[in-house]
Amino acid sequence: MRKLFSFGRRLGQALLSSMDQEYAGPGYDIRDWELRKIHRAAIKGDAAEVERCLTRRFRDLDARDRKDRTVLHLACAHGRVQVVTLLLHRRCQIDICDRLNRTPLMKAVHSQEEACAIVLLECGANPNIEDIYGNTALHYAVYNKGTSLAERLLSHHANIEALNKEGNTPLLFAINSRRQHMVEFLLKNQANIHAVDNFKRTALILAVQHNLSSIVTLLLQQNIRISSQDMFGQTAEDYALCSDLRSIRQQILEHKNKMLKNHLRNDNQETAAMKPANLKKRKERAKAEHNLKVASEEKQERLQRSENKQPQDSQSYGKKKDAMYGNFMLKKDIAMLKEELYAIKNDSLRKEKKYIQEIKSITEINANFEKSVRLNEKMITKTVARYSQQLNDLKAENARLNSELEKEKHNKERLEAEVESLHSSLATAINEYNEIVERKDLELVLWRADDVSRHEKMGSNISQLTDKNELLTEQVHKARVKFNTLKGKLRETRDALREKTLALGSVQLDLRQAQHRIKEMKQMHPNGEAKESQSIGKQNSLEERIRQQELENLLLERQLEDARKEGDNKEIVINIHRDCLENGKEDLLEERNKELMKEYNYLKEKLLQCEKEKAEREVIVREFQEELVDHLKTFSISESPLEGTSHCHINLNETWTSKKKLFQVEIQPEEKHEEFRKLFELISLLNYTADQIRKKNRELEEEATGYKKCLEMTINMLNAFANEDFSCHGDLNTDQLKMDILFKKLKQKFNDLVAEKEAVSSECVNLAKDNEVLHQELLSMRNVQEKCEKLEKDKKMLEEEVLNLKTHMEKDMVELGKLQEYKSELDERAVQEIEKLEEIHLQKQAEYEKQLEQLNKDNTASLKKKELTLKDVECKFSKMKTAYEEVTTELEEFKEAFAGAVKANNSMSKKLMKSDKKIAVISTKLFTEKQRMKYFLSTLPTRPEPELPCVENLNSIELNRKYIPKTAIRIPTSNPQTSNNCKNFLTEVLLC
């Protein structure tokens, strides 16, 4: 039993150590490489920098670092109240969790940052959120020494009975943490004294385990239950007895005595007020309870005697009690104790099973722990290898960057040398420029002399341009006159087209009248022959009108072509005007030309509209022709060849339109050769079809002549026999009436038969549906019959099985009697074997306890070794990280140096570009000045000199730089302002 209690104590110590690791160290273990810019600013408490980061990127409000910590978590952990208020003002997530599911409120409470916690609670933070271990903010407040945070949390409705994963309420957690002031505070705030953890330990048991006598007195003052047992069936008194905590045990015994005295007083007071019948029952109950208490005390005394550790005070107390209550109750107590012993045995068996299961679970946990440790070792080796690879890569990058730096140094030196050479070349260029400026002064003097002659030439050129402009204006006037004439022609063509449209409308009216007359002819059949000739004459007249309209259309097309040619001539004239205007640079002519172009485009659009109207008219003519052909078909068979002629006309019209298109296409530019080819192919196909249609027309005309001859013969025959057969017309009419009556009757019969057929078909459909329904019912009936047959078979089988079961029951009854006898024998044997097993179990339990102690020792030793190895690895890892950070800092320095070198190179390259541009400008100026000098020297007037008789003319000499005099030449000028006037005139000409 003592070993079991020591195991409980060790378990409590282990829990305390794990709890210290869990709650120790306020804030976070922070490394700089894990953080972003906003997180660093929050840790430093730089609210302005945090606000700047948020204005740049609003998403960074709830941004996480590499360990899932937000800005609010870090600010609360470090007590940065300004940053916390800023983030809450920006409406960040107040109850956001980190990797361990801890809220910013938990971090503020854990770090004892009361101001941050108050701000969070006032902004509506939830104090009842649980982390991975099931702890709330109140658990963290209990672990701290002060009670102000706990008061704040309780005022904001924190749950005082919140359970963590170990089953600890804040009160139990305070006892485990040995925080007496927190226990007092929680008891004042009505915390539950009778709460129990996962091992069913009460607050009193935990206080006894941790040897906290002051907390025990507090709990006893609150009337806590002394008799409550934990998972192992032990009370607080048992733990005090086994741990030799005499003062605590004495406190518990004194509390028991007080409770008994109070109970007896209450009983006496009640008995005085109650009836005598109820008094006996009360006394018997009180005696029974008292006897049970005495028996429990005797049991404790026996245990104390066996251990020889009970003080003499308790023995004297037991003897006095024995003397008070007498020996006559001992027999009853012995019987009760026997019953309790049987119950204890059963409990011990049940507990043994539990302990075995717990041992198995502990072994499994150890195995899992070893596996996890191995996996951690593998992970550590992998991480070490990975970091070593990263270090090698960084070293390689460092070497590469060093080589690049050396190259850049060489490039820099080379560029410096080039810059020096450029400086020298610039110095030489400047010297040359000074010389050129001196020469320029000489050239300017000569140029002023030439300005006068140029001015005269420019005046003559301007007079010529004015003459040309006058000619152009005259030509434009003529073009406008022609344009107006063309407009008049266009109006005339429009009027002609309107007249033709009216003529077409009249033709349409004539056609409609002809159709009406044809209908009347059909109705008036006897007078048909006389009216046929009239309709044929009208048809011929209509054809003549159509031909006339076609001729008029051809004339209009020719007029349109002439107008187009005139438009092309106008374009040529306008192009000539443009060339003249470009040479003369006259703005007025350009504006007039634009107006003419607009008018020309307008005329073109109108011409296109005329062509469209013409095409529509052609379509209307074709429709008229087709309608005529249809009417002629209905009128007689003999005039069927007209269809062929109409088709021929249509095809001929199509060929004519295609030729027109060809004519238009020939005028277009050379870019549309492909369209030309397609049109040529279409023309060839249309010619071929036109030839075939002509052949067919000839054949149709021959057939038409034959039909006409037949018609003439028939007409003559009819005229001959008209008088003779006039009497027969009445008979024919009566025959026709009879045939019509018969035809109507047949139609009625046919309709009746169709109606009967539809009725029969509907009846057939209904019968088919009824047939399907009956077929389905038949199938269902067959299925029912099969099921009935199966049920009958099953019934027979069940009857046979019932008979078999009855026979078996009789046999079983006989065997039961034998089994009962055998059972009684087995029970006796089982009792004997159970006694043996109890002895064996006690031995094995002792062995198991020894093995458990050894396992715990081995585990602790292995854990210590692993912790040491982990610490070594962490040290190595920290060294690696420091080396990596040093390398990164060096890299950043190299990068900064590289960036500076690049900037210097860029600035040098820009300077070089500027110098190159300056040199190019100077060279262009020199070149232009050389050309000017040559031009001026070539245009100087020749003067005879008496001193040089051999020289006749300056133009015959090649003026090179050798022959230019170094002294300044002075030429007298009559007007000193002429040079400035010339300059202004030249600038105006260049701007134009």
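Even glycines carry a Cβ here, placed using N, Cα and C.
Given the ranges 683-713, 900-930, 962-992, the record in Swiss-Prot names 683-713 as coiled coil.
Remark: secondary structure over the repeat 'ANK 2' (100-129) totals 16 helix, 0 strand, 14 coil, with classes taken from DSSP. For the repeat 'ANK 4' (166-195), the number of residues in each DSSP class (helix H, G, I; strand E, B; coil) is 16 helix, 0 strand, 14 coil. For the repeat 'ANK 3' (133-162), residue counts in helix, strand and coil come to 15 helix, 0 strand, 15 coil, using DSSP.
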